[in-house]
């Protein structure tokens, strides 16, 4: 019996006992306890110091506020978060829902690197494992292991994640390209470069607003998709997992909160399937198509929609 089958059996057995709050899918929540007293590897130490340090820097936001710093924060969030993480890392690199000229693919991927959520290889690999093992005990950030585990604590136990999922075996399409191998090896140096440039052009206020506030905002909005959108919302599609559509999270994340749509049609470049579901990232992709830059754009067919509908 393979690991996927075992995980599904565990989830099915647990499902007979309890439900997550406000969810239509029954499952027993088994909180994953982070072992704080242990031998920490360098990855986990970096994660907790980096994320913790950024949160501490955010405490200086009121005293360092200026409109110039605010607009730097806003611009970098829009560019790195929307074009980088959402459009590039997620919809382009992970799911291959559309194609870009290689130079533009590489540029957007580098922009995504500066959202500071990890290098493209790590991000793509982790998210592909999430879709392969969605909401089972093999999911890297499974909601059945507790809200705070799937929101943030999973980042502090890389050994546990590797033991569950493996490393980059599912991201071979990126690892065979020297550009992505380079970004994977040198990620931390790009973090230092970003900090140095922000300090050079705006001093400590730019570090606080352009790096800390902007990055922490992006972190928690992305993490809310993992935690909230696998717990609260509506489920128009029969995905067999806990994914939900949450309009509030969708508004905050440029369309990523239409998460049940995404799990039903993960290959789709469009997450806001209905006309009224605002999906800013989709509008950008359509603009790129109009400019002749985005091609082979994938969206769900009416046949596939009928197949995935609860009304089927």
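Placed from the backbone N, Cα and C atoms, the Cβ positions cover glycine too.
Here is what Swiss-Prot says about this protein:
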- 90, 95, 127, 131, 262: Fe cation 1 binding site (BINDING)
- 130, 230, 259, 263: Fe cation 2 binding site (BINDING)
- 90-95: motif 'Histidine box-1' (MOTIF)
- 127-131: motif 'Histidine box-2' (MOTIF)
- 259-263: motif 'Histidine box-3' (MOTIF)
- 45-65: transmembrane segment (TRANSMEM)
- 69-89: transmembrane segment (TRANSMEM)
- 193-213: transmembrane segment (TRANSMEM)
Within the motif 'Histidine box-2' (127-131), residues counted as helix, strand or coil by DSSP: 5 helix, 0 strand, 0 coil
Sparsest-packed of the listed binding-site residues (95, 230, 263) - C-beta count within 10 angstroms: 95
Rounded Cα separation (Å) that holds between residue 131 (Fe cation 1 binding site) and residue 263 (Fe cation 2 binding site): 8
CB-centroid shell, 8 A cutoff, Fe cation 2 site 130, 230, 259, 263, site residues removed: 131, 134, 135, 225, 226, 229, 241, 242, 243, 260, 262
Per-region confidence, the motif 'Histidine box-3' (259-263) (mean pLDDT, whole number): 98
Residue 262 (Fe cation 1 binding site) in three-state DSSP notation: helix
Residues within 8 Å of the 90, 95, 127, 131, 262 Cβ centre (excluding the Fe cation 1 site residues themselves): 91, 94, 128, 130, 266
Pairwise CA distance, residue 263 (Fe cation 2 binding site) versus residue 127 (Fe cation 1 binding site), rounded so that it is a whole Å: 12
Neighbour-count leader, CB within 10 A, binding-site residues: 90, 127, 262: 262
Alpha-carbon spacing, residue 95 (Fe cation 1 binding site) to residue 259 (Fe cation 2 binding site), which is rounded to whole Å: 14
